[in-house]
Amino acid sequence: MAASEEELLLPRLPELFETSKKLLEELEVATEPTGSRTIQDKVSKGLELLEKAAGMLSQLDLFSRNEDLEEIASIDLKYLMVPALQGALTMKQVNPSKRLDHLQRAREHFIHFLTQCHCYHVAEFQLPQTKNNSAENNTARSSMAYPNLVAMASQRQAKIERYKQKKEVEHRLSALKSAVESGQADDERVREYYLLHLRRWIGISLEEIESIDQEIKILKDKDSPREESACQSSLPEKPPMKPFILTRNKAQAKVFGTGYPSLATMTVSDWYEQHQKYGALPDRGIAKPPSADFQRAAQQQEDQEQKDEENEEKALHRMREWDDWKDTHPRGYGNRQNMG
C-alpha cells in the first residue's frame, strides 16, 4: 500500500515533459548571464526531469522502429522531442573544464533525436556523420567528382531549405498554438501541431550539430600544442653545445684588428719631435725656412721668365703683322708701270 502511494506521488510523464519544456522556454528568453546561479539551477533541474522522462519512455517501450509514424498516437508524438530538449539544455551548461564532454553529450542527444525522426520519416533530411555511417559517407564522397565543391553546394542549399521551412513552421505553429493548448483542437490539428514541432527541432538539431562539430575541432586543435609540448618536455635534455671560433674570423682579426677604431695617443708633430729627439730621423727630413740668397735667386729667375714671355709675345705680334701685310700686298704689287 505504501509503495502504491509513493508511485502516485511521483510526477507522471506528461508533467515531466511539460515542466522541462517550460524551463527551456524560460531559459531561451532569459536576460541573465548563462553562467549565473539561477540559470544553471534551471538547466540542472530541466536535465534531471528529462532524464526521468527518458527512463519512463524506455520502460514503457513507447516507440518502436517496427511501427510507422501513423501508428503513434497524436498525443505521444511530443515525447519524440525528449532527446532534442536534452541536447538543448546540455548546450547551456557552463563549465570550461568539461566543455568538450558537454558538447559530445549534446551531440549524442541530437543524433538520437534525428535518428528517430529519420526512421519514422517525419521529414526528409540527411543524417549527420556518425561512427556508424562515416564509412558509407567516405565511400560515397570518394566516388564523387569534385567532392568539396559538391558538398559545399549541397550544404548551402540545405541551409536555404531549412530556413524557408523554419519560417513556414513557425508561422503555422503560432496559428495552432492557442487552440491546442486550450484543448479546443481536434485530433488532426493536435497531430499537425506536434509534427510541426518535430520538424522545427529537426532544423534546430542540424544547426546545433554543425556548430558543435566546429567547436569540438577548435577545442581539440587548442589542446594539441599542449600535448606536443608535454611530449617534448619528457624527452631527455641534451648537453649544451660548446662555443667555437671559426679559423677564418680569427685570422681576419689578426690582420684587421678587432673591428673597432683605436684612439690616438699623440699628434703627428709630437711623434716627429719624439723620433728626432732620439735620432730616429735625419735632419734633412725636417723642412727649414729658405735663405735670403735663395729668395733673390728665385726672384731673378721669376723676372727673367716674365721678360722672356714678353719678348715672345712681341715677336709673335711682329710675325702676325708681317703675315697680314703679305696678304694685302701680293708679289709685284708696286711695279705695275713696266708691265708689257
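Cβ atoms here come from the backbone N, Cα and C positions, even for glycine.
The DSSP breakdown of the domain 'UIM' (47-61) into helical (H, G, I), extended (E, B) and coil residues amounts to 14 helix, 0 strand, 1 coil. Annotation source Swiss-Prot lists domain 'UIM' at 47-61.
Summarising the annotation, Swiss-Prot assigns region 'Interaction with PPP2CA' to 99-203.
Look at Swiss-Prot and you will find 221-242 (among others) tagged as region 'Disordered'.
The feature region 'Interaction with MID1' is assigned by Swiss-Prot to 226-291, with similarity to another entry given as support.
The N6-acetyllysine feature in Swiss-Prot is assigned to LYS242.
What Swiss-Prot records for 281-340 (among others) is region 'Disordered'.
Per Swiss-Prot, the feature compositional bias 'Low complexity' maps to 292-301.
The compositional bias 'Acidic residues' annotation in Swiss-Prot covers 302-312. Long-range contacts of the compositional bias 'Acidic residues' (302-312) within its own chain (CB-CB distance under 8 A, at least 6 residues past either end) are absent; none are counted.
Counting residues of the compositional bias 'Basic and acidic residues' (313-330) by DSSP class, helix then strand then coil, yields 16 helix, 0 strand, 2 coil. The compositional bias 'Basic and acidic residues' annotation in Swiss-Prot covers 313-330.
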